[in-house]
Amino acid sequence: MAAAPAGAGDGASTATAAARASEEEARALLPASSTPDGYADEEDEDLEERAYEAAEKVIVCISDGPDLETGGDDAALCSSSGAAAPPFSWRKLWLFTGPGFLMSIAFLDPGNLEGDLQAGAVAGDTLLWLLMWATAMGLLVQLLAARLGVATGRHLAELCRDEYPDWARRALWLMAEVAMVGADIQEVIGSAIAIKILSRGYLPLWAGVVITALDCFIFLSLENYGVRKLEAVFAVLIATMAISFAWMFTDTKPNMKDLLVGILVPKLSSRTIRQAVGVVGCVIMPHNVFLHSALVQSRKIDQNKEYQVREALRYYSIESTIALAVSFMINLFVTTVFAKGFYGSKEAGNIGLENAGQYLQEKFGGGFFPILYIWGIGLLAAGQSSTITGTYAGQFIMGGFLNLKLKKWVRALITRSFAIVPTIVVALFFDTSDSALDVLNEWLNVLQSIQIPFALIPLITLVSKEQVMGVFKIGPNTQAVTWTVATLLITINGYLLMDFFSSEIRGPLSGALLCVAVLIYASFVLYLILRGTELSEKIVKAIRNSCS
């Protein structure tokens, strides 16, 4: 800081005192996790599992104030005043870029691609508007997750550990692990299918599973060389997907008028309701909410300085929006390609990940580079990237809920084992049947749909609490919008579950067991929604009075 000009001592002292008073007032309203007595107490820091150690974080604030000696761009990247954030900087946006693109992988995993191709084959371009709005809803949820992580300095799993009683915390952890394993099986199978395609069937499905399991550790080892190296790998994988599916898009020459109408004009019929539910249901991945709240902590932010938190939230919002815009375009390419090739055809209802490449090859032929292999490359990039982020999310979930101080490779090994062992069994059992894989995929989608409330409700509850978020808690209007979106998503997934179980469950015993499971499930969801509200306190008081 530069010295005050001569003759301005009293004014400078007054200004300094006012600034300090203002900073103290702001600090008092900051999240509990950033205060000396809050969650992130410095004395307890070594005792708690952290998403990133201090040495691992990317420094985004080059200097702690205007650097009068250099006077360069570095000085403009930070602000010495707690009252205002520095002006927008493209260089600083670049430093913040990374977490949002890792988060966007969940919108591009093989499960989403299968939902895209089935929506295109069965409904044509008529569900593109729903894909766009579903992506927008997903963006809102992910921005809340980023807000929680930046403002508190802790991720969702860590905060749930402190927020809920032991039995509820363990139940939430179990649900998150089940959701992650279900997603991971889909992702590994998708990657294995791509390897089978690219090897011309020489490598069977189980071999692709083993390869995917091993190369995941190779990619994650890049984190030892810095977070930015790992983010660069994901950037290459996303670019590979974008180029592959854009190539397919241009090769098939879709009708641009139908595409624009599909995006701008909402249409929904009873014949395409299942595909519509699938499009929305694939957007919110429970483990991705936990992941994003942890990823944003890879940048070094001082939660004691309000302007730094607000600045980080601004850059993360821009970056996440760009990342999901890219993911929307990739999903649009896939939907449009299959709409062009198979909408209204007899094959439309039979296309899945396993046979999609062959159908594309038969429909559009070779060309300069066979479309079968273009599809395989894009699917491989989707499977590999989503598998790595799934393992990454598993580490945060396990460490956050259980507060386990384990080496990263040990946590990665445990997380991988949860998914790889059942996936190899699945690959050996289903390798000879395309239809069996499709049935498995339906069950895995159901498994993940069940878990959605157990990520969304804690997220919205925590981000709405002043004790947790301080001045960064969301306001009443935002709360109303987020609860509306959450209700919509839970209702849509509830419809999917009812439709699925009504066709799969037969017999009085199975029906009775399902009713008991639904009652327990609904009770836990209701508990999470009402916990800490006046209504829940009245219910507890009434129960106690009736028992006494």
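Placed from the backbone N, Cα and C atoms, the Cβ positions cover glycine too.
TrEMBL does not curate its annotations; it predicts them automatically.
What TrEMBL records for 1-20 is compositional bias 'Low complexity'. According to TrEMBL, the feature region 'Disordered' maps to 1-47. TrEMBL lists 128-150, 171-195, 201-220, 232-250, 276-295, 316-339, 372-397, 409-430, 450-468, 480-498, 510-530 with the feature transmembrane segment.
Counted over residue pairs separated by six or more positions, the transmembrane segment (480-498) shares fewer than 3 Cβ pairs under 8 angstroms with the transmembrane segment (372-397), which leaves the two as not touching.
Sequence-remote contacts of a segment are chain residues at least 6 beyond its ends whose Cβ falls under 8 Å from one of its Cβ atoms, and for the transmembrane segment (409-430) they are 177, 180-181, 184-185, 188-189, 192, 204-206, 208-210, 213, 216-217, 220, 390-391, 394-395, 398-399, 436-437, 440. Taking pairs at least six residues apart, the transmembrane segment (450-468) and the transmembrane segment (201-220) share fewer than three Cβ pairs below 8 Å and do not count as touching. Just going by CB pairs under 8 A, the stretch in 128-150, 232-250, 276-295, 316-339, 372-397 that sits most against the transmembrane segment (201-220) is 372-397. Against the transmembrane segment (171-195), stretch 372-397 has more CB pairs under 8 A than any other of 128-150, 232-250, 276-295, 316-339, 372-397. Remote same-chain partners of the transmembrane segment (232-250), defined as residues 6 or more beyond its termini with a Cβ less than 8 Å from a stretch Cβ, comprise 98, 101-102, 104-105, 108, 219, 222, 326, 329-330, 333-334, 336-337, 360, 369, 371, 374-375, 377-378, 381-382, 384-385, 388-389. For the transmembrane segment (276-295), the residues of the chain that approach it from at least six positions outside its boundaries are 51, 98-100, 102-103, 106-107, 109, 111-112, 115-116, 118-119, 123, 127, 130-131, 134-135, 137-138, 141-142, 145-146, 148-149, 155-157, 175-176, 179-180, 183, 268, 320, 389-390, 392-394, 396-397, 400, 445, 448-449, 451-452, 454-456, 459, 489, 492-493, 495-496, 499, judged by C-beta separation under 8 angstroms. Here the transmembrane segment (316-339) has Cβ contacts under 8 Å with residues 93, 96-101, 103-104, 107-108, 112-113, 116-121, 123-125, 127-128, 131-132, 135, 138-139, 142-143, 146, 150, 238, 241-242, 245-246, 248-249, 252, 254, 258-259, 263, 292, 296, 351, 356, 360 of the same chain, all six or more residues outside its ends.
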